[in-house]
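This report refers to the structure that appears directly beneath it.
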């Protein structure tokens, strides 16, 4: 992170602070119109995000072919957007059928194409496939994928078309062929489409009294076990929830350790402190995405003597209900006896702690009240605003793809 980026984010945070003092919400920032972000085209055979299509970090697993006679056919909706040209080789209208998520992304992309190249429209060459023309388990069979070009079929535009598709919110974009761009989305009910940076509601936090309570029951005024900048255990004020979604199903990483045994559920985009060596001081453990933790690495856990390294035995995924992301004064927290960050989405713990400083000031001064669980649903407005500001300053690759899905859907 270069210093100017930090300064810009701090300035953005200061703007949010002044807006919050005036109206308890992000509002509209008045000032000069921002310069458009410079976009870089995708290269031939490049895909984004840089993971396989049918994985958690992209469009998710194949869920089965949809036919006109199947129950799931009702999940498909026709797209009659006049700004999109559908090739419709089959003359059945099949290419117009797609899931709502795919339709929303495609309509957004159509606007971007017209803005990028006046007089040019988006063209769909393949949408839902009912005839079996694609490879086995293709997302075309579920209406979750489209192959696209520009209406003028200028192949020099296709790299930028792919980039525009990424920006439009497609969950996976592939410069698959010199003749088209392939785009796909998550299923409508996929838990993978609902992953911010959180813990399940039954995960336990440790109070200053020694009592352990579910994170869902945290409230302002409580002090919870955390880690300070020196890597020592401390008790930190709970301020608010950065995410509070008690009823939604989410996908969690399940990290298990040995010597001592611990088990932690957290979403893939959340930060956790990791080292490759047992002898690394606690203060030098690095904050990384939970999705990048591997067996054999070490994470920090709490026991009677303090915070110690524990070797990761296994990492897998599991769905669970409820998602809570507590914010503390120190930006860290001990959940289920494992040290974790309060932050997610960007793999920069120190930067996150800095840009959340204005929000902590608001709570400490009593200008805004701490969040009671019943008062907030979903992602905190400050987190959403910081995310959108960060997208103007940081490179897209610095964001976890699943966090982007959560904040842009």
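Positions of Cβ are set from backbone N, Cα and C atoms, glycine also.
In this structure, residue 125 (Ca(2+) 1 binding site) is part of a beta strand by DSSP. Residues or ranges marked as Ca(2+) 1 binding site in Swiss-Prot (evidence: similarity to another entry): 89, 90, 95, 125, 126.
Summarising the environment of residue 129 (Ca(2+) 2 binding site), the number of other Cβ atoms within 10 Å of its Cβ, over all protein chains shown, is 21. Annotated Ca(2+) 2 binding site per Swiss-Prot: 90, 126, 129, 131, in sequence order, evidence recorded as similarity to another entry.
On its own chain, residue 182 (Zn(2+) binding site) has 145, 146, 147, 173, 174, 176 as residues at least 6 apart in sequence with a Cβ closer than 8 Å to its own Cβ. Residue 182 (Zn(2+) binding site) carries a strand DSSP state (E or B). Swiss-Prot lists 140, 147, 182 with the feature Zn(2+) binding site.
According to Swiss-Prot, the N-palmitoyl cysteine annotation covers 24, on the basis of similarity to another entry.
Taken from Swiss-Prot, the feature cholesterol glycine ester applies to 197.
Annotation source Swiss-Prot lists signal peptide at 1-23.
Other Cβ atoms within 10 Å of the Cβ of residue 243 (site 'Involved in cholesterol transfer'), summed over all protein chains shown, number 25. Look at Swiss-Prot and you will find 243 tagged as site 'Involved in cholesterol transfer', backed by similarity to another entry.
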Env. residues of Zn(2+) site, Cβ within 8 Å of mean position of 140, 147, 182 Cβ: 125, 126, 127, 134, 138, 139, 145, 146, 176, 180, 183, 184
Spatial separation of residue 129 (Ca(2+) 2 binding site) from residue 140 (Zn(2+) binding site) - C-alpha basis, Å: 5
Nearest recorded site to residue 129 (Ca(2+) 2 binding site) by CA-CA distance, among recorded positions 89, 95, 243: 95
Site of maximum Cβ density within 10 Å, from binding-site residues 126, 131: 126
